[in-house]
């Protein structure tokens, strides 16, 4: 059987991205429907304003940190419109390299085998959805790189640097703040398991929290001094009151559509955060009931992100890679059978396809399919994602209650988890 080594995997990943990138440039020049994401045009225009000593928020619909517009300044200095895409592709590849490095680190710490590392890393590096999103000029790959960077620092017990990067990732896009509680539990419990003093354990937790807050405060104050209230409103507050109902998979899609016709004083869209936050908090707290380990942290972050995206009032295709970065770690020791995994994948793809069909009829054919077509498609996608989330929650419980056990050997640290072969056999028989 052909085995693709690390070098081969990375080489193939680079070649695929080059091919997608070049095809995108060709399509933009020769086809009516453009390959480049419309958001990339927004980033590019905002960078143009910055290059001319103006605010990036002079560009309508720019609702991101100014750092993103600064990142694309070379577009207007070289000048080359597509240069920013190369930055996003490099972040995409760097994320894949981090996945490989983290799996290698886990190999020594948690006795991970080498046979599945390449396969797990390929989930990101060879994923056509991931490649398409970065080569089209979507900036999510930058955020994914930041998230895995601070997780890698925590894995290596570099808590100061990890906290700084965590703060930067929250500034870049606010949703990673939901990771604060699981990270706090992991840092505190990991050192408690190592029988360190309460002072040392508390100091590590303080170090992470302090460094995170320092970065957030400094960046927020600095950007506010440069761009004023527009920065706060467009970067953060907008995502609370936004009512986007186009290109939106969310089950709240129809609610937002009708809400957009109501007076601006309507508070309706703010309440859709409530079920989302309750579920995310509940998932975070389940970590308290189990021994702390880095694999468990990755599982919890995956579940949090999956639930956050599923219940979010705005859900687009690029949001999916928010949880795809954790999938290699979740699937490494999954107890989900191959058959069930295929069913989950088919359901996830099929319900997306049904929604995209309705979206095509609406956007390109001009048909009024908001109800029942688009509404039913959104409900179907939501229900399928809720079922898939339940499967992964069950899998996480099985992994940590049966698959992992704390090794009593004095030769290894007490937080090191190993595969419990008898437990695996027992669960397989039970299934």
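A Cβ is built for glycine as well, from the same backbone N, Cα and C atoms used for every other residue.
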Stretch carrying transmembrane segment according to Swiss-Prot (options 38-58, 59-79, 80-100) | 80-100
Of 142-162, 226-246, the range Swiss-Prot tags as transmembrane segment is 142-162
By a Cβ-Cβ criterion of under 8 Å, what residues six or more beyond either terminus of the transmembrane segment (165-185) are in contact with it?
-> 64-65, 67-68, 142-143, 146-147, 149-150, 153-154, 205, 208-209, 211-216, 219-220, 235-236, 239, 280-281, 284-285, 287-288, 292, 297, 300-301, 304-305, 308, 322
Please check if the transmembrane segment (80-100) comes into contact with the transmembrane segment (205-225), where contact means 3 or more CB pairs closer than 8 Å and the residues in each pair are separated by 6 or more positions.
-> no
